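Per TrEMBL, these features apply:
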REGION    B:1-26  region 'Disordered'
BINDING   B:95, B:116, B:133  Fe cation binding site
BINDING   B:101, B:104, B:141, B:144  Zn(2+) binding site
DNA sequence: CTCAGTGCAAAGGTTTTGCATGGCT
DNA sequence: AGCCATGCAAAACCTTTGCACTGAG
């Protein structure tokens, strides 16, 4: 459901780990292709529409399920726009953050060694280990101002 | 959880500006009191529930309308949690982020002037304006290591 | 008296889920 | 054959809105 593994609930004593259960189906490929066609964050509806325009037919529910699976597998980033809609984008390999226009969705990838260092320092200062973090920046891009 | 500093919305920079039309009613005071009772972001439902538990009775729609008005007036910050729910916090509180233990959920509030400055700098560097950001740090707390 | 504010319920939109079917392995 | 993935539709949710009414100025 999310791009990172936030799930404070479900302490999961059930010993399951089915992670690699991702089967390469036509629908999955269609979603992946649609994602590849964008270079910024898009909503599920937009992705669904693009797939249909490309001739393929994939149910909206399947789009959601596929996107959730991809996000879970770390192949796409999911976040929410200011309207609360979930938006997705295929993510590159390197760790980076996003500067997203809340009007048109234009995205800039930014790296922040300073932030990386700061988060690690803060965490260790409080005795926390095994650190990860998420950081998103929203704003209005030059074209939309 | 996430953090922000600006509440955007209000698409029309246009003609009308009825801002100072906020009448101090019982309901408005109830919402304000509920907000004052929290020191972090809460959903409309949680705020509504707290008001009812305190004996007052305010319609959920009114809670939403009041929160929207307060956000519009700049008296509260609104943002979205990972589930896409709108969450509010009285903005007199200092802006901070959260360091969360992914095992037990223990949370530490941290401030990061450096991060605030960095995000603003990055955004302006790319010509983006009206900046807000979200930052969450996950780790394993001392007790869970 | 007038009009912003309120309550209720219905509408609107997004995301999830139940269940039967279809396609890989 | 066994199972996971899919589709469709209904459900679940959060949030907004229409309309008649109440209360503050």
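Keep in mind that glycine also has a Cβ here, set from the backbone N, Cα and C atoms.
Annotated features, which come from TrEMBL, shown on the structure.
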residue: B:95; record: Fe cation binding site; DSSP (3 states): coil
residue: B:101; record: Zn(2+) binding site; DSSP (3 states): strand
residue: B:116; record: Fe cation binding site; DSSP (3 states): helix
residue: B:133; record: Fe cation binding site; DSSP (3 states): strand
residue: B:141; record: Zn(2+) binding site; DSSP (3 states): coil
Cβ-based isolation winner (fewest other Cβ atoms within 10 Å) among the binding-site residues B:104, B:141: B:104
For the binding-site residues B:95, B:133, the one whose C-beta sees the most other C-beta atoms within 10 angstroms: B:133
Largest tally of Cβ atoms lying within 10 Å of a Cβ, found at which of the binding-site residues B:101, B:144: B:101
Intermolecular Cβ proximity, binding-site residues B:95, B:101, B:116, B:141, B:144 versus chain A, under 8 Å: B:101, B:141
Minimum Cα separation from residue B:141 (Zn(2+) binding site), reported as the residue among binding-site residues B:95, B:116, B:133 that achieves it: B:95
